[in-house]
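Below: the structure, in structure tokens.
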Amino acid sequence: MANKSKNRGRCTTGGSHSSSSRSASGTSSAGRVPHGFKHAKSLGQNFLNDQNVIDDIVAGSLIDEQTLVIEVGPGEGALTSELVEVAGYVIAIELDDRLIPILRTKFALHDNFEVIHGDILKADIESIVNDAMRKHDLTRTRVVGNLPYYITTPIIIKLIESKAEFESLTVMMQKEVGDRLLAEPGTKLAGAITYAVHYRCTVDKICDVSREAFYPVPKVDSLVLRLDMRGEPAVDVADEDRFFRCIKAGFSMRRKTLLNSLQAIDDVSREDIRMALGRVNIDPSRRAETLTMEEFAELSNSIWEE
């Protein structure tokens with residue numbers, strides 16, 4: 001499959017941009033949480049504090065006045081402050097109840113903003129989007145967010161599998177995870193999440209982000225990606241659930257051969273796997289990371305061949 005990922009890499013933290021709301025280092029001093037606020041390590045709270053990065057996230061998100069923005073994890077509202085200036089409507093979903101009154105006060109004069117107290121993984125995102133689109137007469141929905149790094153993958157999977165019909169997700173994540181999403185299926189960096197994302201999205205790198213762009217300063221660097229939803233999946237498969245079961249099994253023991261790792265599929269025997277691999281001319285000694293998206297599609301179809 002042709003590589004549709006793009007690397008724009010425009011972001012430079014602490015750069016030479018000028019702004020009245022920035023300090024000389026490029027970080028924003030506006031809208032801080034109250035003095036004494038204790039960041040919750042259990043929620044992975046590291047608030048973005050670099051206006052250069054914020055500007056590039058907004059520009060890379062392709063937002064206009066016809067856009068409904070779902071912001072995941074607004075924190076203190078530094079990114080939100082820019083989103084409400086360009087979007088038709090912004091719905092922020094925040095888990096930390098201490099931040100809800102802060103956000104409501106900060107954006108009290110904006111009639112295109114609301115905050116929902118809740119867990120994005122439990123939220124009825126389809127209903128939230130559909131109701132807002134009808135109420136505010138908007139034409140497209142995009143997700144923007146600085147994702148909690150400890151649950152980045154489940155959030156992305158939930159959103160790209162949602163029936164909410166997002167056009168894109170522009171999300172901050174740990175660099176290691178982002179590099180996997182940027183990797184082409186069939187290459188060494190690829191993991192199960194690579195195939196899940198590339199099946200439904202094309203991937204555009206907005207920028208790398210230094211750990212110094214946050215407070216508290218995390219232990220890892222980050223990057224921002226935009227995932228643009230495909231009109232149709234990247235490959236045709238007979239059964240999506242089985243396709244992803246095959247991929248998940250293949251990467252469950254990524255150092256082992258396909259013949260061994262695919263035995264993690266509980267309703268398929270070793271001999272069934274050997275025969276399925278033979279039917280699609282895939283060497284059973286190969287590893288999952290060497291298979292293209294098309295090969296995994298052919299293999300999953302072959303394993304459960306009627």
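Each residue, glycine too, has its Cβ placed from N, Cα and C.
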Starting from the S-adenosyl-L-methionine binding annotation in TrEMBL that includes N46, L48, G73, E94, D119, which of N112, N130, N146 is the extra site residue?
N146
Quick one: of N46, N146, which of the binding-site residues has the smallest count of other CB atoms within 10 A?
N46
If you draw a 10 Å sphere around the Cβ of L48 (S-adenosyl-L-methionine binding site), how many other Cβ atoms fall inside it, taking every protein chain shown into account?
23
Other Cβ atoms within 10 Å is the metric here; tell me which of the binding-site residues E94, D119 scores highest.
E94
How would DSSP class G73 (S-adenosyl-L-methionine binding site) in three states?
coil
